[in-house]
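Marked as compositional bias 'Polar residues' by TrEMBL: 783-792. What TrEMBL records for 82-140, 141-249, 250-354, 355-459, 460-566, 580-684 is domain 'Cadherin'. If you look up TrEMBL, you'll see 779-800 marked as region 'Disordered'. The signal peptide annotation in TrEMBL covers 1-35. The transmembrane segment feature in TrEMBL is assigned to 692-715.
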Amino acid sequence: GWLFRRVMACGKRSGDSKRQVILFILCFCVCQSGAETLRYSLPEEMERDSFVANIAKDLGVPVSQLAARKARVVSEGSEQLFRLNQNTGVLTAKESLDREEICPQSDTCTLVFKIFFENPLQLIRGEVEIRDVNDNSPVFPEKEMVLKILETASPGSRFPLESAQDKDVGSNGLQNYSLGSNPHFSLAIGTGKDRVKYVELVLQRQLDREEQEELNLLLTAIDGGSPPRSGTAQVRIVVVDANDNIPVFDREVYEVRLAENSPLEQLVVRVSATDPDEGSYGEVHYSFTQTSERSRQLFQLNPATGEIRVAGKLDFEEAKTHKMVVRATDGGELSGHCKVQVEVLDVNDNAPEIALTSLTASIPEDAPPRTVVALFSVRDRDSGDNGRTECSIDGDLPFSLTPTFDNYYELRTNAALDRESTAQYNITITATDWGTTRLSSRENIFVQVSDVNDNPPEFTQEIYTMSVTENNSPMLRIGSMNATDADAGKNARVNYALVRQEGKEQPEVTVNAENGDVYILRPLDYEKVRAFEVSVRASDGGSPPLSAQALLRVVVRDENDNAPVVLHPHPDSSAAGELVPRWAPSGYLVAKVVAVDADAGQNAWLSYELAKATEPGLFRVGLHSGEVRTARAVTERDAPRQRLVVLVRDRGHPPRSATASLAVALVDGFSEAHLRVSEEAPAADPDGPLTLYLIASLACVSALFLATAVAAVVVKVRRARRSETETLPTFPTIATESSAGSLPRSYVYDVCFAAGTVNSEFRFLRPLFPCFPAGLPPGPGEQRSSVCSQDVANLGEEGD
């Protein structure tokens, strides 16, 4: 921020806007390159929710972006030690941090965390150094140390004392020792190769057991804190009678290499010390001294044999070396010392650990390839090849792993997803190390594929045919249309609707928008509408919606709701008069009853029968033709006037019928009979409705035929003229109308060149004007053509 303000101020003073932009870009690049790792420090033992840093301010990110980009902090390891407030951008410690508990065997204690941003994905590494405070005093392993020293020990002899332990480090750790005032001993303080201070008593004046058998000294350990802390221990000196030989080890330092997976009771090393004295002064007993409490827990020393065996579980990741001091003491309380250094060898005993940092639980099916689904890290606490890891995905799935940095991996899609084929994925990630005996661990990630409206509804049929009987009741359900959508949720919710077509009447059906049931709106009449078709659209609930159409064909079934109608004889006449001569033989055609039925099928199949007659045996009616004929020859005994009633019946269920009445006169001559019939029955009105309809129909048909014929002639003539015009070539006006060197109009001919001919021949086909017939003189200014159409073939055969 300071650098940014300095650069902007410099740009303002210069007054150059371009330079200011360049300086701003340079500042941004410098800031970005330096912001790879955020480093902070925090004293230990701070209160809970103590302030660590203002992340938003240090990164130069607006506070509003923290919540928008789902910023969060993740600590390494299983325990999360820090908390990021997305509203303020402040990073705080979740709990009070104890450096000695977090980093027990390290001089520096650095906690690593990472800040994750989404949209786009960004990772920033941060470190918090836990500064040590002087909260621990030096502590001696024993409150009282007993040293048995021969009275013959010479001045300058040194006797190691147990070192104090201080959990603090640096200047707060152990710095010095002090010894209470006495005339015999002083302190010698030294620092080993491991930078651990050790203390020894130095004999300044020879002891005399007879003068003083024991000496009590106060040993004080002081650290370097402010204010300093201290710890004390009593040192009791027991003056022993003369024992002129001390135990001596065969080696001063024993170095051992031991695998971390060594079993309990395994022999580590056997230390050996000898004492040339005899009796109890030559018997040696072994014990640990100046050895940490943890080493005492992991190793067991046999006091009689000097064998050191494994007593606890060794862990290379906890401590790579263990240092111990073994004291050999004889019966005269004289002792010698040696050092034992155990180097713990790493064994591949830790499987990789997979820590999921970020996971997108649901991903849309139209997500492009290379979309990040999850971010995770892999950690193996082993070292070398035992700590190297590799990751893989089990099975053939449309996902891949991409290494990023610091053992982090991104789980990405590598192909297009289709929810309709696979709605969710159970992704198993396997992390394997490179050890001789390879260890692995697995993590299952469930990814849900969210639906996208990419499938239109599909009807089960392209054409639905439904039938309904005429005279139906309103809102009658006649069937159902069904469309399915492979999507899910609202994208699969199908709504049905009729497709309205402009210029057409409102359809007779309606479709339930939810379930596709088809209903007839009003009663139908087969005689008016026998079938109709409408288009039905099925639309889903997506955005934008997708749709499909199907054709609905409704067939109206006929019902026997129309009785036969008699056309002849006319129903309005009381009775039709027919003349039959007396000499009529059997089968003589008297009349023909003509009837029609507006229904269809067997409902319109008509049958005729004689229902009533003056003499039933004289006449018969054709069952299907309706022809009334004589059943026998007419005789003189038959009544001159006969009245017949013909019943016309259809084959519906139930059947409907109508009747026609005929009056028949048996006569010797037609004129006399005609007059009688005319007197008895009035003549039918020739201008009745049926006659009028027939005349109008005949006139319409005649007019239509005449118009069609005229149109055909006109079209034919036009085509003939067009073809003749296209056949004639077009010549320039100069060639036809020029007075100098041009032929008269009657001598202008068509010229045809044969494509591909060698001699480029041309032939006179015909003149543009027709030849005059013989005997017909040409018009004024015209000259008879010497070449006529009949001579075309002859001219074509001639040469040039």
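From the backbone N, Cα and C atoms, a Cβ is placed for every residue, glycine too.
Sorting each residue of the domain 'Cadherin' (580-684) by its DSSP state yields 15 helix, 43 strand, 47 coil. Across the range of the domain 'Cadherin' (250-354), the DSSP-based residue counts are 10 helix, 47 strand, 48 coil. The average pLDDT computed over the domain 'Cadherin' (141-249) stands at 87. Contact counts against the domain 'Cadherin' (355-459), taken as Cβ pairs under 8 Å, peak for 82-140 among the stretches 82-140, 141-249, 580-684. Per-class residue totals from DSSP over the domain 'Cadherin' (82-140), listed helix then strand then coil: 4 helix, 26 strand, 29 coil.
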